[in-house]
Amino acid sequence: MKFTVRPIDLPSCNLRIGKLSEIKRLPNTVLLTPLLLLYSKGGSVTHMTREVLEMVTDISSQAVHIPLSNSAQCYNGVKHFKEGISSFAGLHECLSYCSVQDPAEATRMGYNEKTSITIWTHTGRKQLTADKYMDMMEAFRPDMYQALCDGDTNTESSRKRSQKAVDVSTSLFLSCADRHTKSQSLKDSALLATVEGGYDLEARCQSAQMFSRHPLVQGFVIDGLHNNGMAVEQMSYDTIRPVITETLKYLPEDKLRVLHGCWRPDVVLELVQAGIDVFDSSLVYLAAERGCAFTFIYHACPHPVLSNEDQCSRVIEEEQKENGCIKNVTHNCKPDDMQTKTCKHITDYEMNLNEKIYFDDLSPIMRDCKCLACTKHTRAYIHHLLNTREMLASVLLMIHNLHHYQKFFEAIRENGKKGQLLAINCHPS
């Protein structure tokens, strides 16, 4: 696999536009970065059949993200199938990428050991040594995969715990790398090292420098910033800025940089400007699960964004009015509309279609959106589907959210080529 990258010449900005090519299994496929991975469970994009996915996007230009913690149950089937997880899931045209943990599910803390990492599957706890993990990777045959790692750190982790994460992850990586070099099944797969260290900058520096020198590494996963799940949506970029900035100083410019988590769109923009290349789409899935549709507006702004904030806001507000998105409408979540445990996660970049105000709203989610959900269905209909617990509600919300988020990433790439950044107004209705 070959990664070529072109830095964009903008002051105080490390935006990179790149492409993945020469993928051994997919020699004619070229993927552009910043790249959005298709989040999956068991190798299948959630709430979508292959036929529906083909209506939403060009499958041959996508990369599917396969978290092992929600796909481990496929191991025996894939092993006997002998053609890898991509073909097993019916997405052989897509680049496949395997990670250890599921970014959409909160990872339980305190279960990792010196020689094994815990994943939580639908059948319970599963401990993975480096050998067991590599057995699964040899069966899955992903085009690229994350080395086994201890990412059980967050903002509250001690220096001792952060250093332990580095030491354990380094040991596991070396074991994985040794198996990788001897494996015929993985000779065409790219191995990504996992940079750990929590929020301890010295530990981060140590981890990044060690892996940046390893000849087998084709990219990096920046891990250990959080414990996954919906809590990541509440994190601001200011919280992770020092760690991201310091870590990227020690990573080579010509290698891929991956960051997992359901980050808000505004944080994604900051991370793109910092120099991150690949993101997962767990946020798309989580928003659909709580009955919400993306309605945030984005618009190109000359750099620096702050000096043009008022101008950009005016343009975005005008676009909101055209799309039927009224500024400063709040999302008041009622117990009879959706489960209380998820109410606090309703954000102002999405529309909560559980709300009763939409029961007779015959307009689409967004008037200018060309997705199947917006061209064929209304807010009232989706509200009805949610109210009656119909499965079609999740399907339509996934269609819209994935379409909207992919267009968002397309805009990031296209404007980046022109030396422009995007601004977001996160006050939709």
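The backbone N, Cα and C atoms fix where each Cβ goes, and this holds for glycine too.
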Fill in: According to TrEMBL, which candidate in HIS299, HIS384, HIS400 joins CYS369, CYS371, CYS374 at the Zn(2+) site
HIS400
Worksheet item: For the binding-site residues listed here (CYS369, CYS371, CYS374), which one has the lowest count of neighbouring CB atoms within 10 Å of its own CB?
Response: CYS369
Worksheet, complete the sentence: Not counting CYS369, CYS371, CYS374, HIS400, residues with a CB within 8 A of the CB centroid of the Zn(2+) site are ALA293, PRO364, ILE365, MET366, LYS370, LEU372, ALA373, THR375, ILE399, HIS403, HIS404
